[in-house]
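Student: Below: one structure in structure tokens.
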Amino acid sequence: MKVTLVGNGRMGQQVAEVISRSNDHEIAAVLDVDARITPEIFHGSDVIIDFTVRQAFMDNLPAMLASGVPVVVGTTGWDDAMEEVRRMVADARASLMYSANFSLGVNIFLRTLREAARLIAPFGQFDIALEEQHHTGKADFPSGTALRAAELVLEANGRKRTIVRQLSDNRKLAAEELQVASVRLGSVFGKHTAFIDSDADEILVAHTAKSRAGFAGGAVHAAEWLAGMHCEKPGFYTMDDFLNERLS
């Protein structure tokens, strides 16, 4: 599989390292975040992997979709444009897979959290809150993974209806509000924790990344899967689609 990497930051470099150790894949090109991108750049590639920033991703997306090459997107911070991106993918009859976090461990954590949120829903004595920790160089907060975790809690629980990213000094948190706290600390790769609390006990559902290798390896697995799906059924995919097929 020939891969073009868009973005040469920490994650792009980690993905390149994973690919360099593989006998089955190779890097076709590495494009800097500021590169002028046209559809022709991607000709000869089997898949594109994008780890850039919101503005670069949105600017480059039309050219990536027009290339006809399936696109794996790890760039976060564009959730408010999700419907627009889905429409662009459909209009181009393209294949795009997005995840705020491609780590298999994180996605297993998210599934576990969704089930825990569902199980506590009938029992009003349980409250739930989320916390994410990342290195001080991470610009967006809460993290894309934390926001996805919050969405899953809202979908599965029913008692929580809105997400609160920052607490105010002059009001209490309402019972239907789900707090998502963010910590930026040192060189933390990523830690996500769900706190489920009652008067009698506390349940923790957590995932801690030990390195970026899990994120990068998951992105390459996703690229392999998407390249195969592109031939069968173009569309907008997530890690849920990937896991559902692997578990079926």
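Each position is counted from 1, following the chain as shown.
Note that Cβ sites are derived from N, Cα and C of the backbone, with glycine treated the same way.
Take a look at what Swiss-Prot says about it:
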type	residues	note
BINDING	Gly74, Thr75, Thr76, Ser99, Ala100, Asn101, Phe102	NAD(+) binding site
ACT_SITE	His134	active site, proton donor/acceptor
BINDING	His135, Gly144, Thr145	(S)-2,3,4,5-tetrahydrodipicolinate binding site
ACT_SITE	Lys138	active site, proton donor
Student: Which residues, same chain and not among Gly74, Thr75, Thr76, Ser99, Ala100, Asn101, Phe102, have a CB within 8 angstroms of the centroid of the CB atoms at the recorded NAD(+) site?
Tutor: Val73, Tyr98, Gly144, Thr145, Phe215, Ala219
Student: Might you list, by sequence position, any residue in that chain lying six or more from Thr76 (NAD(+) binding site) with a Cβ less than 8 Å away from its Cβ?
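Tutor: Once residues fewer than 6 apart are set aside, Thr76 (NAD(+) binding site) is near Arg54, Ala100, Asp140, Ser143, Gly144.
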Student: When the Cα of Gly74 (NAD(+) binding site) is compared with the Cα of each of the recorded positions His134, His135, Lys138, Thr145, which one is closest?
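Tutor: Going through His134, His135, Lys138, Thr145 one by one, the Cα closest to that of Gly74 (NAD(+) binding site) is Thr145.
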Student: Cβ within 8 angstroms of the Cβ centroid of His135, Gly144, Thr145: which residues besides those meet this for the (S)-2,3,4,5-tetrahydrodipicolinate site?
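Tutor: Neighbours within 8 Å of the Cβ centroid, excluding His135, Gly144, Thr145: Thr76, Ala100, Asn101, Glu132, His134, Lys138, Asp140, Ser143, Ala146, Gly190.
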Student: Can you name the recorded positions among His134, His135, Lys138, Thr145 whose CA is within 10 A of the CA of Ser99 (NAD(+) binding site)?
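Tutor: The recorded positions close to Ser99 (NAD(+) binding site) (Cα within 10 Å), listed in sequence order, are Thr145.
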Student: Under a three-state reduction of DSSP output, how is the residue listed as 'active site, proton donor/acceptor' classified: helix, strand, or coil?
Tutor: strand
Student: Taking 10 A as the limit, how many CB atoms besides its own sit near the CB of His135 ((S)-2,3,4,5-tetrahydrodipicolinate binding site)?
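Tutor: His135 ((S)-2,3,4,5-tetrahydrodipicolinate binding site) is surrounded by 13 other Cβ atoms within 10 Å.
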Student: Whole-number answer please: how many Å between the C-alpha atoms of Thr75 (NAD(+) binding site) and His134 (active site, proton donor/acceptor)?
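Tutor: Cα-Cα, rounded: 16 Å.
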Student: At the Cα level, what's the spacing in Å between the residue listed as 'active site, proton donor' and Thr145 ((S)-2,3,4,5-tetrahydrodipicolinate binding site), rounded?
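Tutor: Here the two Cα atoms lie 13 Å apart.
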Student: Could you tell me which of these binding-site residues, Gly74, Gly144, has the greatest number of Cβ atoms within 10 Å of its own Cβ?
Tutor: Gly74
